[in-house]
Amino acid sequence: MQPWAAYRGGGHLLCRGPRITFLLGPKIITVVLGAQWGDEGKGKVVDLLAMDADIVCRCQGGNNAGHTVVVDSVEYDFHLLPSGVLNKKAVSFIGNGVVIHLPGLFEEAEKNLQKGKGKVKHHLIDSPLHPPPVFNFHQAVDGIQEQQRQQQEGKNLGTTKKGIGPAYSSKAARNGLRVCDLVSDFKVFEEKFRMLAEHFLTMYPNLNVDIKGELEQLKGYAERLRPLVTDGVYFMHKALTGPSKKILVEGANAALLDIDFGTYPFVTSSNCTVGGVCTGLGVPPSYVGRVYGVVKAYTTRVGVGAFPTEQDNEIGALLQSRGREFGVTTGRKRRCGWLDLILVRYAHMVNGFSAIALTKLDILDTLPEIKVGVAYKVDGQSLPSFPANMDVLTRVSVEYETLPGWRCSTEAARSFEELPSQAQSYIHFIENFLQVPVKWVGVGKSRESMIKLF
């Protein structure tokens, strides 16, 4: 046997050579991702897992995301901060894949600190040097672009107008700025900022940019941000290779909003699938372990875009009303429909879910029967997979499986056995279709309402 021969044992790869023995990649990163179009209740799952975590991370998106967590009857809303800030023992880390609107970040931190009365961690974030800031003119450009789409094509993308797309565009065009620029020599930063502002003013002559005012604001934020900033790659490397730590990653948005794998162009501007964890934090894939997909017991979508199982009728209105389906970030009413398992299965193909967290089961409590989308057809022909072409997706007809409802409250249930038999059958149907186990079932807003099955 060669001296460099590899042996696999105990879940690790041991490489032995004439001089060294080393261990590769213990699976210490746990990931929570949305499996639909967002608003699945990821924050609640992250909140549960964060109580046992040492580091809780955001890896992509910006303050276009919105997570709500209820603890001791207090409702916390998070847009940029990881939901893990409620665990004062954990470090909350915002990775390089996130675009950060600094006024929004500090406003959110103060608001939740006041709500928490000491329960929210005061040393809020360690942020790496690489994330691009979202400037105020990025947000203004976002609004202008939506207006132009409406005028030119008669439809917009339904963005949150938080400047996320334009900020990522600056990053991809390589004329953007990063946090490391802001916390270094401010004179150099100012020159680059003025050049970027002029670039957008050339593209959008009607854009109103207060360059002097925003620079003064940013100079103040630079001082507040400097003690919270670290080199993200080295920080994560030390966490992965040093004394054993539990690392939790909170995905923003969801699989079907992913810039590559989502329902393009009605998507966000970042990778919300599992690959975004590695590029958004600077970590090797060998350290990623469990990947939990969060699935709402029905389907919702904010804004425009194809939605095969949408119920624009009394069923949709009931789900919207009972589920209080309004966006955390924009307050927009969410469109509602039946659970679409073709869509969730596609999300599983991309992400490889270890298990599912099924949320908001209680919203279905009053229905006499429940439909689940199990296949797509176009022009009478079955589709073998989820279509990439949105023109095709808008034309699909959905084949449903109809299951009996339970017509009683599940809100007091705290174990699987306490759920009505019909609700148990609904959960088993989802597991069997996806071939993925359901690990948690949500039957209310509080932490205690998440039933753990195994």
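Here the Cβ of each residue, glycine as well, is placed from N, Cα and C on the backbone.
Under the heading active site, proton acceptor, TrEMBL lists D39.
Among the features that TrEMBL reports, active site, proton donor is placed at H67.
TrEMBL lists K171 with the feature active site. The Cβ neighbour count for K171 (active site), using a 10 Å radius and every protein chain shown, is 19.
Long-range C-beta contacts of G38 (GTP binding site), restricted to its own chain and to partners at least six residues apart, with a cutoff below 8 Å, comprise A65, N253, A254, L257, R301, V302. Taken from TrEMBL, the feature GTP binding site covers 38-44, 66-68, R334, 360-362, 442-444.
The feature Mg(2+) binding site is assigned by TrEMBL to D39, G66.
Per TrEMBL, the feature IMP binding site maps to D39, E40, G41, K42, N64, A65, G66, H67, T160, R174, N253, T268, R332.
Within its own chain, the region 'Disordered' (145-165) is flanked in space by residues 61-64, 99, 101, 104, 134-136, 138-139, 265-266, 268-270, 302-305, 329-330, which lie at least six positions past its ends and keep a Cβ under 8 Å from the stretch. The annotation region 'Disordered' is assigned in TrEMBL to 145-165.
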Distance, G66 (Mg(2+) binding site) to D39 (active site, proton acceptor) (CA atoms, angstrom): 8
Position of peak Cβ density within 10 Å, selected from the binding-site residues T160, N253: N253
Position of peak Cβ density within 10 Å, selected from the binding-site residues N64, T68: N64
Candidate with sparsest Cβ neighbourhood (10 Å radius) among G41, G66, the listed binding-site residues: G66
Residue counts (helix, strand, coil, in that order) that DSSP gives for the region 'Disordered' (145-165): 11 helix, 0 strand, 10 coil
